[in-house]
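Participant: Please read through the structure below; I'll follow up with questions.
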Amino acid sequence: MESPDARNVVQLDAFKPRLSLSVANAKITHGGFDGPGYDNCSGYGSRVASLGSDALSAYETLDPPPHYDFYTKTEVFGRQRRFRPSLYQLHNDPKDSSPPIYEETNAEPIRGEDSSEEDEEEQKEPPSEPTRFGWIHGVMIRCMLNIWGVILYLRLPWITAQAGIGLTWVIILLSSCITGITGLSTSAIATNGKVKKGGTYFLISRSLGPELGGSIGLIFAFANAVAVAMHTVGFAETVTELMYEHGAVMVDRINDIRIIGIITVTCLLGISLAGMSWESKAQILFFLVIMVSFASFIVGTIIPASPEKQAKGFFSYKADIFATNFVPGWRGPDGSFFGMFSIFFPSATGILAGANISGDLKNPAVAIPKGTLMAIFWTTISYLIISATIACVVRDASGLLNDTLLSNSNCGDISCQYGWDFTECIANETCLYGISNYYQSIGLVSAFAPLITAGIFGATLSSALACLVSAPKVFECLCKDKLYPFIGIFGKGYGKNEEPLRGYLLTYVIAACFILIAELNTIAPIISNFFLCSYALINFSCFHASITNSPGWRPSFKFYSKWLSLLGAVICVVLMFLLTWWAALIAFGVVFLLLGYTVYKKPEVNWGSSVQASSYNRALSQCAGLNHVEDHVKNYRPQCLVLTGPPSSRPALVDLISCLTKDLSLMICGNVVTAGPPQSVAQEASSERHVTWLNKRKVRSFYRGVVAAELRTGANMLLQGAGLGRIKPNVLLMGFKTNFSSDTPQALSLCFSDAFDLRYGVCLLRMKEGLDVSQSPQSHGERRISAAKMNLLLFSFLLITEKKINTQSKFLYTSCLSNAHKFNQRLTTGFQKAQGKKTIDVYWLSDDGGLTLLLPYLLSRRKRWARCKVRVFVGGDADTREEQKQECVLIAHPGVLIMSTMDRLTYCLQLSMTPTFDSVRSSVHRFEKMLDRFRLDTNPKQDCDSGSERQQEEPWRITEQDLERNRAKSLRQIRLNEVLKDYSREAALIVITMPVGMKGACPNTLYLAWLDFLSRDLRPPVLLVRGNQENVLTFYCQ
């Protein structure tokens, strides 16, 4: 049979480094090693240790200069990725062949074993790059097309007639300021790190976290899908009007819009499914059409007006007409500044069209800022120019060639100066033309009206196509993050560009449904509010990331201000309610509903958001602020340091203290690791799996592990070093060591004395079935965990030795790991269940400051313990029974402990604690027998000097003098154990004052024997409590 040592040698040998030929033949450059050997310097010390100290000169260091590969998560085709050497490799002895267990493996195939596979990989051609766009093609043109919409052609002349040129410019500039501020915030966020797919959702979620990012991502994708229908219906309405002008009718107006809309969105879907390259070509075509229509409009304003155009109100550039149109001319119920602003602002909500395809950009950090800001600038200029030049049309005109000015007529209108009299239609409000009445005024002014119609088609179709592409891109990233259920099926990408084909089909279905409605007047405000909500969160994200002063906030775009971003966020929220208050409420309702779901589910993602940085700042500020507040007995809270070891090994101890401290005070689980190799011991002490276990169990506790030579030393380290400022432990809790009498004497030096010296309260929990589930051979769960561990070890051995694992082994590994994990999560204790109508028996035998009484009261406030009555037992003399009872009632008055019901506490059931020898004779015999192995041998033939020397070497030994000196206390503990059995057999919990052993008078072994005998053979859990003799209860209100 193979010895255990031999087996260990085999396992360690599997981790031994092998010198790779690539390392041996690697070139030494000025900066370090150049070659595969150096690139893989993070694997188990294999490359570093193999070189040896002789191979390194003063300039041939293993500590490399900064390199891009050390910080990126992606690999470059054609070369092997470099890895930063670990601290273990730089610091430890190269001859050490046993790396720590936390070292990551980046092992490469050994030369000669799998060289054929490597040669085949080297001969492969690099994968073809998907289509990527620059800042002009990918962002600027796309944003400009989305901003130029139907409102530019059909509503801007009417807005100019209502608000006048001056206020129209104010509306345009105010809208541009909002979008400009949002563009600056977007630029700052986009340049703070590598931007991937997801656009607006990616920017917000990686900045503010999954809670707000997920909700905004979902509604933003939905708003884009509905916007496809809105723009398509706008196109269909224009086509329908043209058909009606020429007498072409298919069914009726509503059904014609539906038919044309469905056909149009189907064609747009085909363009999108063809790929981003075809979609971008279509966008270029639409852009050229719109530019030609603009040119036609500008040329038309210069060309002298014909009599037909003059009859419709166009007189070319005239100063007096410009002056008349410069001032407002409000008409109708919407005739107000905010009424016109609400109509115009949706045209400016296309600035995120470029950011939404961030995954298809060559360099998003450069393209998004430059393209977005340039698009805002040029579209603002175009809106200002068109609103100024359209003012060459009067507000009202009849369109009749017979309305020329007569010589004897009394005309006071501006058109009278140019030989036309429109006063009759103005008086009767029957004018059909002019910028106040005719929406097609831009077509009237243009040199060639069909080009304006083509521009309308290009604007509507380009906006619809941009939204049709944006919605699936955003939704794909949201689906891959798995924040919400039932949407993961839409996250699958196809082709070299990972196109979300399923997302395209979903967007098409949503758009088709809204197209069939054919009336979007009530839906359009909701879409605008969703876009405004996204803008508000982008601005707030920039502000929040800046105000937290997180070191991770380092945008390369410097032309932003956190206060300007905050102003932009506030303005966006205000505008949401000014535009359509009920739509704003719907938008915020959806956001908060999705936010609540995400907060409740707590998705397992960590993106380093500014919310996390803000939480740290608030916690640090509050902790520092407590230093200015003195302690007061009314604010006393039991802040517990619990020596649990690995928390999962003592779940009962964790659950009980969690009931005491949850949402009330501090709890720290301490783990003292004393055995094992140095590297594995350090890893065990600081392992994140302990924190993960606490979080999965929903225990609000910190974890702190230390490495020490013995338990007492480690506990002393925790007692003195745990906590922060005034948030530090004041109560030490431990589980009782049931096998202390069979353990070695050196292990009996417990930390009670050290805790008392540091003014800690001390608690000790004992349960009949024990606390440590990891060492219980009777536990069925332990057998399951052990089996899982054995299978995991088997899998690791196959991985190390064979390098190949079949499908069955992988299934075994996954199954065993899952079973072990599920059992650990399902492992329940009695303290996790409702206790029912039982009692919490409190034996307040010595006044320790009130901690013995305070802990059960705090426990009774919990829902699981609310039905339990608290019974307080106090020992004393029969002569002073009534006096002591009245004092106990005063101390435990409901005004002090804030008792909700008087009958919950049964006060002062007096017990006679004076034992008689006859009643405890058998118990005394068992107690003395338990102490036999710890007694000092008092053989008369032995030299007295040798006996005293032995006692000095082994101070835990018990002499006859120690037994006689502490005889009364020993009998008291023996008698008290019988009382507990008589009165508290059916209690849910027994809380009893812990005796104190005096230094130099009571050996450690005798003191532990007291605690053991006091709490043994009891069915309920026993919590021994000793305060630090300072008040934790008070009579007074100040």
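Glycine too: its Cβ is placed from the backbone N, Cα and C atoms.
Curation plays no part in TrEMBL annotations; they are all automatic predictions.
Since the structure is predicted, the reported quantities are computational estimates derived from the model, not experimental observations.
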Participant: If you check TrEMBL, which stretch out of 559-576, 577-594 is marked transmembrane segment?
Facilitator: 559-576
Participant: Please list the DSSP helix, strand and coil residue counts for the domain 'SLC12A transporter C-terminal' (650-785).
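Facilitator: Tallied per class, the domain 'SLC12A transporter C-terminal' (650-785) gives 61 helix, 26 strand, 49 coil.
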Participant: Take the C-beta pairs under 8 A between the transmembrane segment (133-154) and each of 166-192, 284-305, 337-355. Which stretch has the highest count?
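Facilitator: Most contacts with the transmembrane segment (133-154): 337-355.
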Participant: So which of 284-305, 375-394, 526-547, 559-576 is most in touch with the transmembrane segment (212-236), counting Cβ pairs under 8 Å?
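Facilitator: It is 526-547 that shares the most Cβ pairs under 8 Å with the transmembrane segment (212-236).
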Participant: Check the transmembrane segment (284-305) against the transmembrane segment (166-192) for contact, please; criterion is three or more CB pairs under 8 Å, pairs 6 or more apart in sequence.
Facilitator: no
Participant: What average pLDDT is reported by the model for the domain 'Amino acid permease N-terminal' (58-108)?
Facilitator: 65
Participant: Output the single range from 166-192, 257-278, 337-355, 559-576 maximising the number of Cβ pairs under 8 Å to the transmembrane segment (375-394).
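Facilitator: Answer is 166-192, with the largest number of Cβ pairs below 8 Å.
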Participant: If you count Cβ pairs under 8 Å, which stretch among 257-278, 501-520, 526-547, 559-576 touches the transmembrane segment (166-192) the most?
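Facilitator: Between the stretches 257-278, 501-520, 526-547, 559-576, 559-576 has the largest tally.
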Participant: What same-chain residues lie close to the transmembrane segment (501-520): Cβ under 8 Å, and 6 or more beyond its ends?
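Facilitator: 222, 224-226, 228-230, 232-233, 236, 254, 257-258, 261-262, 265-266, 269, 272-273, 468, 471-473, 475-476, 479, 489-490, 492, 494.
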